[in-house]
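Colleague: Pasting in a structure now, in structure tokens, and then I'll have a few things to ask.
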């Protein structure tokens, strides 16, 4: 198989090797001498070589390299989100980079079965060499979580605070502290959603119209239920309608919503939740097509991280059972299983949007002005003006 970036002889035509003035070679550019010599097998150093230790090391090093790439993409996305007004080209770039993160996470999920080719006895042969090293000590994964938006108060505390394992590394503590204090992707997405066009009370006032539509829908359903001949069926339907009225109250009453946020059941601000619901309802409008794709990708990221955690939990249970402590002193399987809860879903509110959907026929119709604002098609006067301004720059 040929090299993907060039001929090993330095000449793409198969001639003589070029001198150093022609540029670095493949191995030099990728610094493969360092990368491929970084697999230090402690079992070999102890004169008790264990074959599967090499697989364990390579797999986890691959994880760390991909974590580094995800962090690189996240930092660039957060930078693009930091401006108050985002051009369409920026949204496209954000979509591209979010999709790249999704593809990487899919790869990481599929990487777990490779480790599972190792049996529990194989792992036991070199497990003692790992202590006190543990995946709990992966600095990059903690940075990744913080940059996405996992809050300290939502983390499960088992035996120790997540940052305490880095106490001997001041640089690591400083990096974690920075990511805890700077705006996460979730913070920036919320601010972006709060600016969703159509939420203005002196404009389209989507939220007011949505609340009216919900009240009308529930009133119609209540009237229909009252006509039910069978008393038990009527009571069941009325009880169901009342439950749904309470559910909708949790989004229409800002104080109820804020209480749910304080309790950790919701993450988004009230205004950001309004924006997410509006984008979901009018996702077929040109201006909301890309924002809706963006919300879908954020949920994909959350879903894939949860799948990766789950695969990791199952693998750990297969390797060491559910009672042993992890090599780093954590509670092992019990701790990992606890991270599967919704506490670790950064964009949990996006998953729960379907709770508040209403039939298409009940969705508030767009006014002519709002229809025009959300339908900036190619060739429209507004779009042409933007193109002229862009060309003049």
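Even glycines carry a Cβ here, placed using N, Cα and C.
A quick note: this is a predicted structure, and the numbers were derived from the prediction, not measured.
So Swiss-Prot lists these for the protein:
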{"type": "BINDING", "residues": "56, 57, 58, 59, 60, 127, 327", "note": "substrate binding site"}
{"type": "BINDING", "residues": "312", "note": "heme binding site"}
Colleague: To the nearest whole angstrom, state the Cα distance for the pair residue 127 (substrate binding site) and residue 312 (heme binding site).
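Modeller: Cα of residue 127 (substrate binding site) to Cα of residue 312 (heme binding site) measures 16 Å after rounding.
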Colleague: What number of additional C-beta atoms lies within 10 angstroms of the C-beta atom of the residue listed as 'heme binding site'?
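Modeller: There are 19 of them.
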Colleague: Can you count the other CB atoms that lie within 10 A of the CB of residue 56 (substrate binding site)?
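Modeller: Here the count is 20.
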Colleague: Do you know offhand how many angstrom separate residue 60 (substrate binding site) and the residue listed as 'heme binding site' by C-alpha?
Modeller: 12
Colleague: Determine the Cβ neighbour count for residue 58 (substrate binding site): the number of other Cβ atoms within 10 Å of its Cβ.
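Modeller: For residue 58 (substrate binding site), the 10 Å Cβ neighbour count is 14.
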Colleague: How many neighbouring Cβ atoms, not counting its own, are there within 10 Å of the Cβ of residue 59 (substrate binding site)?
Modeller: 14
Colleague: Counting across all protein chains present, how many other Cβ atoms fall within 10 Å of the Cβ of residue 57 (substrate binding site)?
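Modeller: Cβ-Cβ neighbours of residue 57 (substrate binding site) within 10 Å number 16.
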